[in-house]
Amino acid sequence: MKKVVLAYSGGLDTSIIIPWLKENYGYEVIAMAADLGQGEELEPLHEKAIKSGASKLYIEDLQEEFVTDFIYPTLKAGAVYEGKYLLGTSFARPLIAQRLVEIAAKEGAVAIAHGATGKGNDQVRFELAVKALNPDLEIIAPWRIWDIKSREDAIDYAVERGIPVPVTKDRPYSMDRNVWHLSHEGGDLEDPWNEPKKDLYLLGVSPEDAPDEAEYLELDFEQGIPVSLNGEKLGPVQLLETLNEVGGKHGIGIVDMVENRLVGMKSRGVYETPGGTILYTAHQALEHLTLDRLTLHYKEQIALKYAELVYDGVWHSPLREALDAFVDVTQKNVTGTVRLKLYKGNCSLAGVKSPYSLYSEEFATFGRDGVYNQKDAEGFINLFGLPLKVRALMEKKSGLR
């Protein structure tokens with residue numbers, strides 16, 4: 001019997017895909033659930049997957065690899081999609097697909113299956129990764145094939161086969177959670193005029209419900225990588241979990257946005273990324289202290305392209321690897337300490353220092369100084385403004401002004 005490896009979460013979509021694959025393809029279904037920080041959500045999956053018809057379930061702890069090999073490179077690049085989205089779902093998919101391909105090789109499977117819909121970005125992210133890593137594998141995307149057209153249809157399909165799902169028609173939110181973020185889509189969020197309900201938030205609280213007293217914290221970075229919190233060395237996963245807890249308490253990192261999907265439509269999502277928001281704020285502050293103007297400005301352009309690559313699912317590509325090489329060079333001196341103030345949804349800079357700081361108080365002071373000769377500015381302005389002057393003279397001579 002041919003085998004297929006399914007990206008399994010235990011949610012509505014992947015729960016009904018197991019019997020659907022068996023009924024329509026006759027394949028043995030091997031499920032794989034990636035532990036990216038869901039924690040207790042994965043505990044009941046073994047029993048559920050088997051009851052749904054899978055022959056076995058792999059639960060792969062990918063948290064450390066997720067943070068060090070996917071989150072940190074994106075953090076160092078400063079990649080943010082459309083100015084808001086910190087890419088929590090986007091860079092998780094290439095890692096999941098990578099492990100699916102590895103398990104397929106181990107099990108001798110001929111196909112990979114996923115539960116991403118035909119309207120979303122995840123189908124692209126999964127399938128581009130599979131094509132890049134093993135183009136011989138068949139890819140099955142049930143949402144593009146079957147007669148199920150809505151989440152309500154999917155719920156009915158599950159109920160008919162006795163499959164329990166953590167979704168009801170009264171609250172049909174689609175959620176994706178990992179150690180970096182929690183996303184919410186669907187339901188009443190599909191109308192962008194609807195304000196998210198306060199009980200939507202699971203990683204933290206609404207800013208107005210946050211404590212009335214601010215909290216300060218200090219983060220140490222080494223070559224662009226966070227290594228300690230308040231002077232205590234922490235592993236990558238522990239550091240992020242701690243920041244999620246602290247940031248969530250203060251309502252940090254809630255993003256409500258309408259974004260442009262790769263597949264051509266706009267969608268509305270509400271994202272909770274407390275720890276990630278803290279790290280991005282701190283990392284950016286340290287870069288502003290340690291990077292020269294030319295490098296910083298060019299890196300900002302690279303960040304836009306990097307964000308698009310990650311969002312579009314082109315992680316396993318020569319361009320992303322080349323951009324990583326550039327970013328790594330820029331991070332050599334991004335070492336130091338950042339102090340942040342957390343207060344009612346705001347994460348603001350309260351201090352930054354680095355042994356590689358390019359900030360010189362002697363040059364920057366508005367007081368008396370003997371370092372900077374202000375007369376030098378006149379020659380610079382004359383040369384820098386020469387093209388503007390020449391154009392103005394031409395326009396005056398030709399009667400254009």
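For all residues, glycine too, the Cβ spot is worked out from N, Cα and C.
In Swiss-Prot, the ATP site is described by Ala7, Tyr8, Ser9, Gly10, Gly11, Leu12, Asp13, Thr14, Ser15, Ala34, and among Gly115, Gly118, Gly120, Gly162 the residue recorded at this site is Gly115. Sequence-distant neighbours of Ala7 (ATP binding site) (same chain, six or more apart, CB under 8 Å from its CB) are Thr14, Met32, Ala34, Ile96, Ala97, Leu100, Ile112, Ala113, His114, Gly115, Phe126, listed in sequence order.
Ranking the binding-site residues Ser9, Ser15, Ser174 by other CB atoms within 10 A of the CB puts Ser174 at the bottom. Within 10 Å of the Cβ of Glu259 (L-citrulline binding site) there are 19 other Cβ atoms, across all protein chains.
Asp122 (L-aspartate binding site) falls within a helical segment according to DSSP. In this structure the alpha carbons, written CA, of Glu259 (L-citrulline binding site) and Ser9 (ATP binding site) are 24 Å apart.
Listed in chain order, the residues near the L-aspartate site other than Thr117, Asn121, Asp122 are Ala116, Lys119, Gly120, Gln123, Val124, Arg125, Arg261, Val263, each with its Cβ within 8 Å of the site Cβ centroid.
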